[in-house]
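Enquirer: What TrEMBL lists as domain 'Sulfotransferase' is 80-315. The active site, for sulfotransferase activity annotation in TrEMBL covers LYS89. Taken from TrEMBL, the feature 3'-phosphoadenylyl sulfate binding site applies to ARG178, SER186, TYR319.
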Amino acid sequence: MRLWLSRRWKILLLIFMIIFLFTWSFISKKLFHHVSKYPQTSYTATKWSLKTEIRRGSDLHYHSQFHSITDPKPLTNLCPHVFIIGSRKGGTTSLYQYLSAHPHFNGIRLDWGPVAGETWWLSQEYDENKVSEYIQLFHHEEGFMTGEATVDYLVNCKVPRRLRTLCGLHAKIIMLLRDPTHRFISDYYMRLHINTKRYYPGSDFNTSASLSETIEREYNKFITRAHRQFNSTNKHIFFAADWKKLKCLFREAQNLFYEGLYYVHVQNWLSSYPPQNILIVPSGALFSDTVATVAGVMEFVGLEKLSVSKMEDITRSIYNYGSYDRSSIKEKDIKRLNELYRPFNQQLLHLLKWEKF
């Protein structure tokens, strides 16, 4: 009798263990899938590794487009070390403030609010005869890094070449890419705000136009100019097929739709600047996993590791956060933007091996 009971308990225990192991395996897979969408959530004392959605330019199979050539001697040896180049409304201001909180990084214009760290020099004020004026914007000190964060630089097609001429090939470039649909909407509400305050003189942005009207207006401006560039009236032409014809279609801030054509802007940078010096970060990672993402950026640019408590402290604030009423956004406008951006997003997500922004 005792032997029979012993065998019965062993069988029950075996069944329990099988059920437990099966359940744990299922939960572990779900959990791993969830946390692997963005960089790891914990910043440990070990070396933080750039993985998952963060991409070094040299990891991309298109990086061979860049052909290293012998550039002339840089115009100056006092260039900033780091350039955060956008996207506009993608978290650039926050990331710059976080880097500037590092004890060995000297940020500039940190009290300039939403334009902290911006110089606009390579996009709007470039003059090879006035390099000294640009250099004087930064505080140079041995053992410290400097840098700027001008969102114009992602879109302005001339900036990569100008940066090579000015600084050579050794600067660190950081791109923050936000979902183009949400970037467009955030940019729209920002322009309503700054135009009302007359911060945007000369802009043809219509403050009385609804979001729906602005989407169609900006897209039609883009499509009209793109048709001329391709010498075609085919409304269904796949513009992403030849990004080079689109890279200088608009200047920065001229077209809300064009700002979100990351496939074009990223390709221009990868073909114009050493890809090993380019880091591409999804804004979603910065927003949802700030500590680990900022730690990865610091590692990329060469800043020494900080303690967990210090990292949590410097990333506590969010800068230049849009304060518009998100509940007022119509679902049809989101669907329309997703539809218009889809062919370009597909190309970019394939290039970066991303699931989302």
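Including glycine, each Cβ sits where the backbone N, Cα and C put it.
Those TrEMBL annotations? Automatic predictions, nothing curated.
I'd like to know what surrounds each of these features in this structure.
Expert: DSSP gives LYS89 (active site, for sulfotransferase activity) a coil state; it is part of no helix or strand.
Annotation for ARG178 (3'-phosphoadenylyl sulfate binding site): same-chain Cβ neighbours under 8 Å, separated by at least 6 residues, are SER87, LYS89, GLY90, GLY91, SER186, PRO282, SER283, GLY284, PHE357.
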Enquirer: Name the residues of the same chain, 6+ apart in sequence, whose Cβ is under 8 Å from the Cβ of TYR319 (3'-phosphoadenylyl sulfate binding site)?
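Expert: Once residues fewer than 6 apart are set aside, TYR319 (3'-phosphoadenylyl sulfate binding site) is near THR93, SER94, GLN97, PRO114, ALA116.
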Enquirer: Given the recorded positions LYS89, SER186, which one is most crowded in terms of C-beta atoms within 10 angstroms?
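Expert: Counting Cβ neighbours within 10 Å, the top one is LYS89.
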Enquirer: Rounded to a whole number, what is the top Cα to Cα distance in Å among the residues the record ties to 3'-phosphoadenylyl sulfate, namely ARG178, SER186, TYR319?
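Expert: So the binding residues stretch over 15 Å, Cα to Cα.
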Enquirer: For the domain 'Sulfotransferase' (80-315), report the average pLDDT of the model, please.
Expert: 91
Enquirer: With DSSP assignments reduced to helix, strand and coil, which class does SER186 (3'-phosphoadenylyl sulfate binding site) get?
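Expert: Helix, per DSSP.
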